[in-house]
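A.B. asks: Just passing along the structure, written as structure tokens.
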Amino acid sequence: MELSKSITHKNGRQRKPVLSHSDMGERESMLEVEDDEVALLPNSDRADGRTKSSHGIKGELGNVALLLFLYVLQGIPLGLAGSIPLIMQSKNVSYRDQAYFSFVFWPFSLKLFWAPLVDSLYLQQFGRRKSWLVPTQYLLGLFMLYLSVSVDAMLQTDGQRGPDVITLTAVFFVLAFLAATQDIAVDGWALTMLSRENVGYASTCNSVGQTAGYFLGNVLFLALESADFCNKYLRFEPQERGIVTLSDFLFFWGIVFMVSTTLVAILKKENNKQHHTKKKPKEETQSVMETYKHLFSIIKMPTVFTFCVLLLTAKIGFSAADAVTGLKLVEAGVPKEQLALLAVPMVPLQILLPLVISKYTAGPRPLDIFYKAFPFRLLIGLEYALLVWWTPSVRQEEGFPVYYYAVVLLSYAVHQVALYSMYVACMAFHAKVSDPVIGGTYMTLLNTVTNLGGNWPSTLALWLVDPLTFKECQGAPGQTCGSAEEAGLCVREGGTCVTALDGYYVESVVCVLIGLCWWIFFGKKMKRLQEESPSAWHCRVAK
């Protein structure tokens, strides 16, 4: 459902828990060096030999607060990007345009390819992470300020001219690319900003901060931007517009980015304890080249190559349900802000599900859970299609009844159970087979392939909705609605274009059939990969 993409974003069309970091490989080696130093220097956490007393998290609340704030900032542009498809859908854009815009969600799935550069190229005097964090956040702020004065023109519809989807896609793609680069820098800084005993709080800051930022940029924005929502819940006298506009929201956060980045650049100093070691920048550059070599050597391994092919094709069966359903609900009249708000009661479930499911994936065969959840998720795709078909008949003059939203919420909850079962199982298998010599690089490569396996089918599913949809012209004999020009001629002749067959339903059935075939013919092959010996997954070059 579109909820899983535009409400719970992160790596691609769907937002999932952040379990990997793009530059984890180098960071793990850095931590191993620090561990060795600590072993040589008892009761010391510093490379310069000065004793640092342990006071728990209380002594680092400032650093934790800064990390949390940086991750919140990262979630803002992602949330805004997730809200744009719903806004465009309310302006009746084509699904081909939605497919164009879906490329905005690709950078977080591809950041592995430039993460080693972010780790290696920097100004030592300014700081390894600040060298990327500061200019990246300045660019994010400038792009938001630019969008605050131009986004209305990009989204407006004048006559036959609809929203400028190509420009919107380009600008928000840059925003997502910058946010992904900021994520790399902040992830790396987190491991040196916090002490060794408190470094575990970095992942908590990541998860909580990104979720909060995404909520602000998506759910809260869509609610405050909606005149209906504001008039119903927040105002005494109705008005034509919401409390905030997209331009206002972008301008506010653009200023926040500029001011906060300036303060970080001036006031916050990096903990450069890694530079007390004898490593030189040249050696770090060489390690980056080794990282790219390791990536190619990992992919060439037969078991890994087979697994990657399976990961790239496994989600085809879910693409119509995940990418198109929410847009179809908006097209059917469901308010986009109400659809967004349904994500709020899902937060506790999304927190608890990984904890519960991990108990069943901790054994030697985690992909068994993946295999068992697969057909249930396919069936949920058919249920989503029935939900879309049922929606117009439930609509009333004053909106949709409460029981309708209860059905949508229940459907989404069941979908989350199947989705998280497959995702946690997959992540558990990644951790099980990754070569510990280059565990970070190995894990991130597999996670990247997993994310791409969800991105490309979703983009393709959006692209094919319009070609698979058949419309006929009623009221104007001899006219057709096969193209925009023919539809315009039908209207001018006094007719109306009526959908005879919605491509979404065609896609839903085809995707489920493809997914069922994948499950029957390739699902067991994926399970058999668990029987391979550990040596089949280990990279010889790394050793």
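Just so it is clear, glycine is given a Cβ too, placed from its N, Cα and C backbone atoms.
What TrEMBL says about a protein is an automatic prediction, not a curated fact.
Residues annotated as compositional bias 'Basic residues' in TrEMBL: 7-18. Summarising the annotation, TrEMBL assigns region 'Disordered' to 1-23. Annotation comment: TrEMBL describes 64-87, 99-117, 137-155, 167-186, 249-267, 298-318, 338-357, 369-390, 402-425, 437-456, 504-522 as transmembrane segment.
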A.B. asks: Where among 64-87, 249-267, 298-318, 338-357, 504-522 do we find the most Cβ pairs under 8 Å to the transmembrane segment (402-425)?
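C.D. replies: Stretch with maximum Cβ contacts: 338-357.
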A.B. asks: Grab the same-chain neighbours of the transmembrane segment (167-186) for me: Cβ-Cβ under 8 Å, and only residues 6 or more beyond its ends, written as numbers and ranges.
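C.D. replies: For the transmembrane segment (167-186), the sequence-distant neighbours (Cβ-Cβ under 8 Å, at least 6 residues beyond its ends) are 21-23, 67, 70-71, 73-74, 77-78, 80-81, 84, 88, 100-101, 103-108, 110-111, 114-115, 118-119, 129, 132-133, 136-137, 139-140, 143-144, 146-147, 151, 154-155.
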A.B. asks: May I ask for the residues of the chain that lie six or more residues beyond the transmembrane segment (64-87) and have a Cβ under 8 Å from a Cβ within it?
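C.D. replies: Beyond its ends, the transmembrane segment (64-87) has Cβ neighbours at 2, 5-7, 9-10, 57, 98, 101-102, 104-105, 108, 133, 137, 140, 144, 155, 168, 172, 175-176, 178-179, 182-183, 186, 189-190, 193-194, 198, 201-202, 205-206, 208-219, 221-222, 246, 249-250, 253, 256-257, 260, 264, 268, 326-327, 330, 336, 339-340.
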A.B. asks: At a threshold of under 8 Å on Cβ distances, which of 137-155, 298-318, 338-357, 369-390 pairs most often with the transmembrane segment (249-267)?
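C.D. replies: Against the transmembrane segment (249-267), the leading stretch is 137-155.
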A.B. asks: With a Cβ cut-off under 8 Å, give me the same-chain residues at least six positions beyond the ends of the transmembrane segment (338-357) that come close to it.
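C.D. replies: Those are 2-3, 6-8, 17, 83, 86, 211, 215, 218-219, 222-223, 229, 326, 329-330, 369, 400, 405, 408-409, 412-413, 416-417, 420-421, 424-425, in sequence order.
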